Every structure is written in structure tokens, then in C-alpha cells.
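Read through the structure below, which is laid out as C-alpha cells, and then see the notes.
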């Protein structure tokens, strides 16, 4: 994507006036252009693009040389036509793609938009919008440019936008207009305007109304008005205050960041000059869609190529597969061979001519001109042997990639988000349906149509290929880098456990809103018993009667083993605990409502019970307020109707496919009886039944109590709010300045004074609220590594006692100190992490009014700043956060593992692929997930390199600590920590290198001077566990270690040497940028094919850095999949993507390349050997048209069919034999032996073919049907026919699968040759030298005898070589086929004896 010339991204800020006509001259228009060419420069620019390829320049030079006098060995046009054909086809493809871009651009730029002029809103085209224009956007319309929100029709200036086109996230985002601006537009009567105005100001929100259907409705109510009428009235109401709006906007320059925008708007109100801060919350970005909001009026700030979506539309860097690098090497090698042929032929011609001049001086030889003869000889040789490089190879590769891309996207085994069991059932049903449809078509009977696929492949969960140039790279992956959350796990968070002060509680979640509705609306007004007894939990989802799978059993066992104090089975229920806070009936503590309304107070002592009560109150309050979620009330009646209608349509479609075959049969009366429920496709589904009047109820329960569905960018927040709603505390509304909470039939309003959202740098969210009782509190929720150091208990006590003394004193009394709460919570966090839960911490602090009054001006100043606003706001919050927070507790949220994840990782490990898990979670959480997904097993030797292991090593080796202290004294104080970290990291790496017995010559020279000195004094490091042969090894590292090695080149080299001995690596506590740096380190240091897979925006840098990037279409949006080379719906599809499609692609493309060069080398070798019979005079031994069509038509189609349909092994063999992927992932099908062996084979075949042909034809036995002896034209016909038959036999022999379409294509291609040569030789102007010669030749019986003898003699060596190789030197593929697929029959499905076998080892 190009940026317009007048886009200034270097200026510190931009300033413009509202509705200033001169803005259009200063800033770019709102014109979008994604096309590459104009009509007047298309030919020139496209040719320039094509001639960047060396092969095109090579063929062009040959064509030009052929036009020179004395060098016209071939007919010049015959030499030029294939090249022109290739260039024209490529140009047509490029032109078609660019036309589609032009159509899209024109459609986008001509979209009608409502823009305010001097007096009213008028319709303009999108490209006419200028900076400073006021734009009116209606519901479901796309934002035409980057707009600053002035006012909305929503409550308190709130509007909702869908940002799917920007970040791929499906959740609606909240945007808020500044209250002052929103009031200025919507309620101008609240300002003190002068009495005399040109346009009287109406009290919009109060008196203006419209007449619709005979009823007076309020202006902003659209319940009974059409959208068109509502738009017209809103425009009419807004035009007066919009016309009065005059001011200046100062903002930062255009930038690519979607969440970074600062500015201010200065405008004149009746009283004074207003200055309004603007940030990304008031910015509507181009490409978003307005949702759930009637209308918005906005001020244009960025247009055209300066909009953020266009600045981010630049494509990622081009990637080239290793096969292309090898192909380029082959082209260079072939060109070298061509030059050798030319030089040898020229020298032999000089030698032959000199010899002839001496032996036959009477022939009147021309005068010798060495330079001109040298030029002519070399030029003629270049043309003669130019066929060494196949002209159609590169175009064939591009078309093959496009078609294989379509095959990959249509693979039904990589579609949707179903489990493996559901997919197997679907595939079986699909196969049955296809068979029935095929039979119905054959019998010409009535048959159903196949179901149409979903229109959007992303929404349907289909595989999407965005970079077809890497198709073969999938079969050569040696390192896989994967994210954890959302990639290995489902990213569906379920609240499981939490700590409140010193106590740990558990909770059973309710996933179905209808089930929650039944619970809350069931038999009581309160969802909890009033007597306080512990009754069975109604929120517990009944477990299935069938036993869980092995993975779930192992994980639940881990939970029971690792949770603290052995109390897993007896943890108190959180719901039961919260009932006392919800209601005072039978309780002994004040309720949530009473405390917030100021009627009751929280306990002030530090006893165990009081701390739990206080923590419970603040825990609920914090989770209800500290988030960015949006509530949406569920309409059960409407959703149930839509669900049933959808199921009804699906059932009708499936029933139509499965049962319409009975139409052709006349059913008997017995067959027309009531169908058996066991055989009915949906026997109990309400979708196929008639909807009754009671359908508005759900199982007889009327839905009165509102139930909300929450939308948020954080799945953790959704889990928290769902838990609270199930417990009776509901977050019910959000406005610009307040949040509403409903509990016990009452609603509380919390005023938001300030909020700082979660960022990857801060790793926490902070919110400052004024509660209904008037108290001001600061609540923070975030990562434990960020929250715990901020809490009071983390610091030394103020009473002069040590930390351990304080803990001991608190244990002797009933009071609990902050240090005790800190230690208890920290231990619970470790236990939860070991159980695989995601943990967050929650804390709070009471803010006095005096402190608030002193702090708010600083915060307001930070909000108004343009430069570095985010850091200034963060610094302002740090003033509040840094004064000691009170720790409330922690949460444990479960993120379940994806289906088939463990099997996929196990397959790659057995295939020799190293798997890296890169995550920001704690070490214990990541290790538990690694065990669940089979990266770590019970017998895996695991090595840790973390900050804790470094400290342990120092304690084990006192001399190391002494050396570190001595060396640190000579270093600056601010560098000592990094120095110590690097040396400890290096020491642990050396320990592992010794353990793995790595050759010291590889790593001794990499050590630093300090480390070498340390090693001389420490010859023996502590021993580690010995590795058993064949046992897997893994390494666990943390962010401390990664930060240390990424700063040092020699540490990275040592780390790579260690990872070479590990099967898996888990990197914990690392930032997104560190993920990309780790991938780059492995890619650069090891030169191996890397694959990165992730699902979130934080994985984009890692995905783009790897050789192959794969994005998961997950719950964190489509940002990763949109920036990836391949997009899949589930992690388990990666196995089939690489093992099946990757392997087949590399095998097929290797066949295409090797065969293309083989046939051309045979062709050129025949020419070269023929020169010995012509005195090296650069004569040709084939018909001109045959040379022209040899690559384009006669030999290109069969190999293309091989590329599209050939399979060296069945799919199921690759899925069950990881060793096959291991064997061929290094490109054995196109390694050095193949690159050298195939040209040598081609030369040998060409020499043998030419010698035999000359021997057979030279005996003079060939007689035509007219009795004439064979002439030169018959000799040429023999060469052409036999050569084409020979190369066709070779490609058939090396084809692995002789499908019917392949046999048909081979037959048709040879038939095309026969027909073409008949037409060419019959029409004299096309080939006057070969007039009817081919027909005469083909009528001779001796031709067929000679033809057969030559083919057998040249082809038999291939069969003998293949037999000997398979008999005595079988490859892994040969062993697999002989074991699993014996015989000639290609088994597309595994035999019954192997269907339940997971993996089969092939040595």
C-alpha cells in the first residue's frame, strides 16, 4: 500500500479549523486506492514487474539474438511466441486482479455520505469528504473516515461500533462523545445563548417531536418510526447546533496505532472558550460499522491514505520458500551447463573447421574473422541450447500453487470448530450422501442438490490460504512456536476458584443463559436458601454419565493433587458464601446494598472472619466495576424463535438430502405410517415441530427477570461477570460517567471518576469510583507479578519487626496482618498455577477527599496534553497506586484445552519437530498446560532455567556468589543486575551443555572471560538427572532468562546449542515482542524452517517473523488469522495442514521441477549429440513447431495433473506415520542428489536416445509406403515422436497414482501432438520442409518396430534402477507402502486392522 505524497507523518501535530474550505487544499482527500496500475501505465509497469525475474530476461535475450542475421537457427517468431504467450498470460492475470481492485476502490469511494454544509446535511460521495467536515453516520453504516465523535443519539453520548474490519474482534466496542460536546449538540438550550440568533435554538430533547403513523413520538425514540424518517428528523434537529459549532482541532499526526490518539478541541460556547480533551475513546475509525446506535455526528480528522486502516494496510514482507531457493540454484546450474555446451560446441566447431580447411582447401573457405565468428558461434549456441531452461516452468508453478491453494481450502477435514468425533460423523454422513447423489445422477432419477457452503469462510471456520508461495514449505517445518491461550486452549474462561483474604473458595459455573434463567426465576425470589443451610448447589452442571477421556482425567487428577492443604473436595462454595452478602435474611453480616447505601459499616478489626467479610465485599465490588464490558439483555423469546427457525431450515436441508430419494418410489400404505424415532434425523428437535403458543416460555417458565450477556475484549472479565450474575450480583448498565449494578431487586449507581484500561505494559486495569455512600475507592485488577509488589504486605512492616516475626505474631493471635494475607495469597496463587488455572489479583485503597482534590487537577492536565498523554496519565495513576494497596484476593479461571491438541503435539514430537510454547503466564500454569497437551510427559526429563534456579545455584555454590560480588563491585550500579543475570544464565547453560555432552569445541570459544575464569575454579558443577536413550527432554525458561539472552549474542548461541538437545521448550512470562525475537533467533541461528501459530493480536509479530505463519480463528478476534499466511479454526488442523498438504505439496512440486528439467535436458542433449554429426554447425534435428509446442502443450499438461492429483502415499498413512514426515521434511525429494542426479540422468538418456536413433536410421532399413528410403524429414519425425513418447513414459513411471484423469490426460496430450503435427505438415506454408512427411513416416511398419526398440532400450534402465533401489535401498516411503498398502491398489482408507492404531513406526 502506497501512502500519498502529502501524508506528513513526521510533524509533531496537526491543526485545522472546523468546516474550513481550505482544509481540502492542505490535507489529502478521502480517496482510497489499493490498485497498482492505471490504464495508461499498466503495460509498462507490469512488464517492468515481470522482467525483475531473471528467467524472463534470459528468454527475451534469446529471442532478440534469434532475430540477428546469421543467428536465425529457429524461425524467430517460433522462438518468440512461447515467451510472448507466458508474458501475456501473466499480464492478463495481473490485469484481472487489478481490475477487481479498481472495482472495489470505486465502490468504496462512491459510497453516499451525509455531510453538513452551510445550512443542512447533504449527500456526497465518500471521496469528497475533507478534513474538518461534519459527517452524519446512521446505524449499520460504515464509518467513511476517521471521525471525532461530537454527539450521538444514544444515552449519555455512548455509541457502539463493530471493529471486525480493523482488528477482527467480533465484540462491540464502546465509544463515548465528550459530555460537553454531546450536550452542546443534543441540548443546546442548556447553554446561555444570546436572545437573538439567526436560527432559534430549540430544546431538542424536550419539545421537538415528529408525527409518525398519527402518533406523536419523542425525537430520539424510533420504536414506531422508519429509519429514513428518523434520520431526516435527527438531521433537522442537529443542523442548528452543528451550524453554531466553530473551533479548532489540534491533534497528533497520522499514525498506524489503532489505540493511540490524543488531541484537543477548542470551541466557543456562549459563556467562554471551551477546551475539550480528545482521545481514542472519542475516535471512530474508518472501516468500523455503527451498531445499536441510531446516529452519530462526527468531525473528520483523518482522510484517505492517512486513515489508520490505510496506514495499517501495508502488506507483510514477502516470503520465499526453500523450494524456490533450490529452484533458483537449479536454474543457475542449468545456465552454467548451457554455457558449457556453448563453449564446447564453439571450440569443436573451430577445430572441425580448421581440420576441414587443411583437408579440403578447394572448397573456397571464407576469410577468417575470429571475433565475429566467435560471437556468431556463441550466440547460435545460446539459442540452440536455450531449451535447457523450461520456459513454462514458472507459470506452471504459479498456476499449480493457485489450484493447490483451492484444494487446501476445500478440505473438509479442516473445516469448522467441531470436535474430532463430530467431524468423523459428519464425514461419514457426507460420504454417504455423495454416494447416493452419484447413484441418483447415474440413474437419471430425482436427486437433491448439495448444501451450499457458508458465504464467509472465516465465519464458517474454513481454512484460508493467503500465501500460496509457501504451500510446499509446510512439509519442511522443523520448529513450531505456539501461543498458549486461545491456541492450545479454547480461550473460553470458566471461573473456578478464588481467594478472599486467607480463605479459598470454589465455584461451579453456568454456561447456558437459559439454565441461569431457570435458576434465578425458579421457585424463590432469592436464589439462595434463607435458613443458611448448605443445600446442594443448583448451579452445578450435571456431569455426563460416560467416563471422561484420558486427558480430562489426568487434568482433574492434577488439580486434586496440587491444590493446597488437601482440601479440594471440601472447599467452601463461593455461592453459598456470597448469599450472606446478597441478603440479610438469616445472615450475620451487613448486605452489599446496606454497605454501599451507607446504612451499615464493614468490620474494622483484623480478625479472620472480619477480613474475609471485608475481602468479600471489595472483591465483588472490584469485579463489578473494574472492566470494560458491555451488558446486553437477553431476549429469550426472540433468540429461541431464531434458534428454532435456524434448526428447522437445517433439518429440512439435511432431510432433503438424506430422504428425497424415496420420491422416486411409490410408498405402500405400511410405509406411510408414523416414522420410527430411532430412524428420524431429528426425532425430538423442536426445529421440525410446529411452534405452539407456549413457545414464548422456556420449559414453562416465563422470562421476567432480566439476564444479561456480556461483551468484552477480555474473556476473563466475561467469566467474572457471569459468576457474579449467577450469584445474584448483575452489572446492568454503563454510561459515560457511571456504572449500574443490580442486586436484590435494587440498583446502585457508581460514578467513574477516572479509569486506566489494561495494557500489555502495565498488565493491570485501574478504576477510581465514587460509591453510592460517597466514599472514593481505587480498585485494581491485574497480573500477580504487577499487583503483589504494590500491596502493603509485600513491604517490610512498619513496627520494626522482621517479616517472619510479624507472621509468627499474627499466628499467635486471632488477628491477621497484611503480611500474613500476602503470604497466604501468594501460596494460593502458586497452587492455582500448578493446577493450570489463569490467575489474577485484586486490590483496593480508600481515597480521602483531600487527596482526591489534590490529584484530580493533575489527572485533568494529563488528559488535556497531546504529547505523551498515555505516559502522563499512567504517571498520575501511579501516585495513587504507589501508596500501598490493600490486597483483596486472587482468582483462578480455567481455560480448557482444545480438542485434539495433545495428539497434534505428540505427532510433531514423534516426527522430530521441536515444539516451543511461548506464553506470558506463570511458569506453573504453562508447565501444567504443557503436561496436558503432551509436550511434557511423566517420563520427560525437564530442565529449568529461571530466576529461582539461578538463585538456587548461587546458594549451592558459595564461591559463585563470592565471585559475582567481587566482579559486580567494578561495574556501575545500574548495570550490576544485568551483569549478574547474564552470568547466572550463562552458568546454567554451561551446566546443561556439559550434561548433554556437547562437544566443548562448539561452546568453549563462546564463553565470556568471566565465565572461563569461573569454570577454571569450578570444574565440577552439580550433577543432573541422566538421560535414558530415547527419552524425551524439555526445557522450561522464564522471562528473566529470555531477557538476559536476547541482550547477548554469545548467550543466544549457547541457548541454541542447548535447545538442539531438547524436544520441547516452554518460555514463560515473556512479552509479545520477545516471542518474535525468539523466532528470529532460531530462524537466523539454525537456518531451519520455522512455523508460528497464534490467535491474538499479540501473536502477530511472531507470526510474521516465522517462515510460515498460521493464525487461529479464535475468540480474540481475527487479527492473527488476517496477518497470517494460513488461517485455521482449530490447532488440531495443523497436523493435517503440514503432514498431508505440506508433504504432498513438496512432493508434487519436486516432481514438477525435476521432470520439467529432465525433459528439457533430454531435448537439449539430443541437440548437442546431433552436433557431432553436423560438423558442429548449430543445426537442429526437430521441426520448428515441435520445439515451440514441446513445453507449452505436449509435455506440460500431464505434469500439471501430477501436481494436482498425485499422492505418493495415502492421507491416512501420513497421519499415522510421523516418521515419514521426519524423513521427508528436509526436502529429500529435491535435495542435492536429486538436483545433480536428474540432469545427469537426462544427459545419459539423451545420449543413448540419439545414438540408438542414428544407428537405427543410419542402416537405411526405413522405407516409406511409396518405397522411398527414409529422408531427413522422416528422421526428424522419428526423433520428435520417439522423444515425446519417451519423456511421457518417464513421467508415467515416476507418477505414484495412476488415476483415470491422469491416464486420460496423457492420452489426450499425445493425441494433441499427433493432430498438431498432421495439421502443421499438411499445410505447406506452416512447414514447407516437412510437407506430408510425418504421415508418410507413420504409415511405415518399420517405423513402429524402430520406435518400439528405441523406447525399450531407453526406458528399461529406469525400471531396472527402480527395482534395484526398492529391493536393496528402500526409502521410508517404500517401507511404509509395502507394510501398510501392499499391492498395486491405492487404499484411500485404512484397513480395519489399522483404524484404531494411533501411530505406526516405519524405520
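Even glycines carry a Cβ here, placed using N, Cα and C.
Under the heading compositional bias 'Polar residues', TrEMBL lists 522-538, 585-594. Residues or ranges marked as compositional bias 'Low complexity' by TrEMBL: 666-677. What TrEMBL records for 24-77 is domain 'P-type ATPase N-terminal'. The domain 'P-type ATPase A' annotation in TrEMBL covers 109-177. According to TrEMBL, the feature domain 'P-type ATPase C-terminal' maps to 1122-1371. Taken from TrEMBL, the feature region 'Disordered' applies to 521-568, 580-607, 658-693. The annotation transmembrane segment is assigned in TrEMBL to 57-74, 327-351, 380-404, 1185-1205, 1235-1255, 1275-1294, 1301-1323, 1343-1364.
Counting only same-chain residues 6+ beyond the ends of the transmembrane segment (1343-1364), those with a CB under 8 A from a CB of the stretch are 1245, 1248-1249, 1252-1253, 1256-1257, 1261-1262, 1278, 1281-1282, 1285-1286, 1289-1290, 1293, 1337.
Taking residue pairs at least 6 apart in sequence, the transmembrane segment (327-351) and the transmembrane segment (1235-1255) share three or more C-beta contacts under 8 angstroms.
Relative to the transmembrane segment (1275-1294), the listed stretch 1185-1205 leads the set 327-351, 380-404, 1185-1205 in CB pairs under 8 A. Counting same-chain residues at least six beyond the ends of the transmembrane segment (380-404), those with a Cβ under 8 angstroms from any Cβ of the stretch are 53, 55, 58-59, 61-62, 65-66, 70-71, 73-74, 79, 82-83, 86, 89-90, 327, 331, 334-335, 337-338, 341-343, 345-346, 468-469, 471, 1141, 1145, 1148-1149, 1152-1153, 1156-1157, 1159-1161, 1163-1164, 1167-1168, 1178, 1180, 1187, 1190-1192, 1196, 1199-1200, 1203-1204. Across the domain 'P-type ATPase A' (109-177), the DSSP tally of helix, strand and coil residues reads 11 helix, 33 strand, 25 coil.
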